[in-house]
Structure formats: C-alpha cells, structure tokens
Amino acid sequence: EKTVPIPEKLNEWAPRPPPEFVRDVMGSSAGAGSGEFHVYRHLRRREYQRQDFMDAMAEKQRLDEEFQKKLERNKMVAEEQTAKRRRKRQKLKEKKLQAKKNKIEQKKQEKEPDQSQERASSEEDEEDSKEEEEEKEDDAEEPSFVMGR
C-alpha cells in the first residue's frame, strides 16, 4: 500500500558552452608561470570534452536519420507487396464470380432458352451494382496516410 517512488529520467549530460571572452590567454610554454599551466590544462580538457560531445551527438543524429530512411523504405516495400497481393485476391474473386455466373447461365439456358436473355440482362444490372459496392469497400481499405490520392 506504500507508494513506490519512480525516479525521473535524468537529463543527458551536456558540456558548458565555451566562454565568449577569454581574459587570460596563455599557453603551456615558458613564461606563463608555474600555476598557470594547470589553468590552461583544465581549459584544454574542457574544450576537448565539448568537441567529443558534439561529435558524438552528430554521429547519433546521422544514425537516427539512416534508421528513419530504412524504416520508410521498408514501409514502401511492404505497401507494394500488400497492393500486389490485394490485386491478386481481387482477380481470383472476380474469376470465381464469373465462373459462378457462367454456370448459372448455362443451367438457365438448358431449362428455358427463351426467358434466359431477359433475365440475363437484369442479372447483369444487379451484378454491376454489386461490383460498384465492392469497389467502394476496397477504397476504404487503402491506407489513409498515402498522400496524393
């Protein structure tokens, strides 16, 4: 029943920005004095650390961009395969429907050759309306994030 403290995510370490104006410009050469070398050494270490940090951040950003491009390529390939398979399923569906239609017409022609022509035209109208409804349903299956359609 005790509440568990969840620590917050620590901010990523970032070096201090470089000073805008360096007052005591000196090097590690002679004439600087014995105490000045340590000051110079700390400034140099801090600058190298800052440069390493910037290089690491640039590398991380480059890797992130490559990863995003790879994800985009994979998404496009998957979308193309899905569309190809959808077309194949639709062709099979139409083929089965056509075979069924032909079978029904053959049976009707065997039974009543006179009235089959009148009924065939009315059946064609009904099937055309069914196909239009199926096309409307197929449009709803398309991904909504595709631009330009």
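Placed from the backbone N, Cα and C atoms, the Cβ positions cover glycine too.
TrEMBL annotations: computationally assigned, not manually curated.
Straight from TrEMBL, the features:
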- 70-83: compositional bias 'Basic and acidic residues' (COMPBIAS)
- 84-101: compositional bias 'Basic residues' (COMPBIAS)
- 102-122: compositional bias 'Basic and acidic residues' (COMPBIAS)
- 123-142: compositional bias 'Acidic residues' (COMPBIAS)
- 1-37: region 'Disordered' (REGION)
- 70-149: region 'Disordered' (REGION)
Checklist entry - How do the residues of the compositional bias 'Basic residues' (84-101) split into helix, strand and coil according to DSSP? => result 18 helix, 0 strand, 0 coil
Checklist outcome for this item: The DSSP breakdown of the compositional bias 'Basic and acidic residues' (70-83) into helix, strand and coil residues is 14 helix, 0 strand, 0 coil
